[in-house]
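Swiss-Prot lists Lys20, Gly92, Arg120, Gln168, Arg345, Arg387 with the feature phosphoenolpyruvate binding site, giving sequence analysis as the kind of evidence. As annotated by Swiss-Prot, 3-phosphoshikimate binding site applies to Lys20, Ser21, Arg25, Ser166, Gln168, Asp314, Lys341, with the evidence given as sequence analysis. Annotation comment: Swiss-Prot describes Asp314 as active site, proton acceptor.
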Amino acid sequence: MKLITNKQGLVGAITVPGDKSMSHRSIMFGAIAEGKTVIRHFLRADDCLGTIKAFKALGVKIEETEEEIIVHGTGFDGLKQADGPLDIGNSGTTIRLMMGILAGRDFDTVILGDESIAKRPMNRVMLPLQQMGAKMHGKDGSEFAPITINGKQSLKRMEYHMPVASAQVKSAIIFAALQAEGETIIHEKEKTRDHTEHMIRQFGGEIEMDGLTIRVKGGQTFTGQEMTVPGDVSSAAFFIVAGLITPGSEIELTHVGLNPTRTGIFDVVEQMGGSLVVKDSSRSTGKLAGTVVVKTSDLKGTEIGGDIIPRLIDEIPVIALLATQAEGTTIIKDAAELKVKETNRIDAVATELNKMGADITPTEDGLIIRGKTPLHAANVTSYGDHRIGMMLQIAALLVEEGDVELERAEAVSVSYPTFFEDIRSLLK
């Protein structure tokens, strides 16, 4: 696909699609709740539609209208064995959280996905669930999908110190803990996104959060809710960076989710001297949302690492692009988790942006980016990774001559089906 290039500025306002993490979880909680859940501004992208498909296969009635998704909850006990394997496509969130949800059911399940999912590590989820009494294994006894879950197991409480900072692993354990006997205690290594914890309360459940320690009791029931999903800050990040680095730009992003566990990119933009203002913030069904305004800015390099990394892990590819347009060196460290995303994002970012003229060195746990560098035309690939694909489109906006051809552009639809349309809507 030929990307949009050499446009002098992006100006206007857009509303980015609903938050991907919250869209997944809204379906999951709607399914395990009693009664009806109505979801507005749901992200109708491949990953989240895969979650809907999975729960329909488990016997949950889900209606899709133009404005709403309506989930007729069955409770945990109302879930039924699927007729065949659950195919979750490219969604790591779906497979890992479903492992927790299905660990305590009274039927067997096989969960599989695409080629990317088959390469992603699952022991980080399987091992703690097995400690709770779950029986599950990967292909040929490995940790890789397809994952077979043997039902009819009694789950027991546990106290678990998480070896990695992962909201997906934490959430899988929480879903299993809701079906276990007694109180499960989870100690996080670093604070990660907390949408699951907040949704437990939103759907009428109880959970204790004290710093890095979470306590959740088994045997809880939930009640269906009405909710509006705020815009995804990870999707907004591409337009934040576009507005900062494209000459003559001013972009307004409305109804963006402002959960503090997700807004690390705001802190980085401030460190680098970028113009980013949040206004009109309000609570939307228990979640903070607001309008983010960015303008073209002169930027300086910075160092990014430590406990901010879980707050911006998905934004690192586009933050790396931002750093190519900053004066001086930017160092990103403590981000080895990027190696086990849809692709090895450390290598992918360095390889593809260097093709375009960037000066980036990959490290074991991050990137060293030397700026400021002009970017030029090249043939690039997304590696089938939606965030790499979108980052490369933002990079292409800086190319003054020639074409930027993107292989596997279709990956963008995983999280942002209208991404290219929204770019065009902001062109001067």
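Note that the numbers count up from 1, one per residue, in the order the chain is shown.
Using the three backbone atoms N, Cα and C, a Cβ is placed for every residue, glycine included.
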Inset, instruction - Can you tell me which binding-site residues out of Ser21, Arg25, Ser166 are within 10 A of Arg387 (phosphoenolpyruvate binding site) by Cα, answering none if there aren't any? - result: none
Inset, instruction - Provide the number of Cβ atoms within 10 Å of the Cβ of Gly92 (phosphoenolpyruvate binding site), excluding the reference atom itself. - result: 20
Legend entry - Spatial neighbour of Gly92 (phosphoenolpyruvate binding site) that is closest, considering only the binding-site residues Ser21, Arg25, Ser166, Lys341 and their CA atoms: Lys341
Legend entry - Around the Cβ of Arg25 (3-phosphoshikimate binding site), the count of other Cβ atoms that are within 10 Å: 25
Inset, instruction - Among all chains shown, work out which of the binding-site residues Ser21, Gln168 has the most CB atoms within 10 A of its CB. - result: Ser21
Legend entry - Reduced DSSP assignment, Lys341 (3-phosphoshikimate binding site): coil
Legend entry - Under 8 Å by Cβ from Arg345 (phosphoenolpyruvate binding site), same chain, sequence gap 6 or more: Ile316, Pro317, Leu338, Lys339, Asp385, Arg387, Ile388
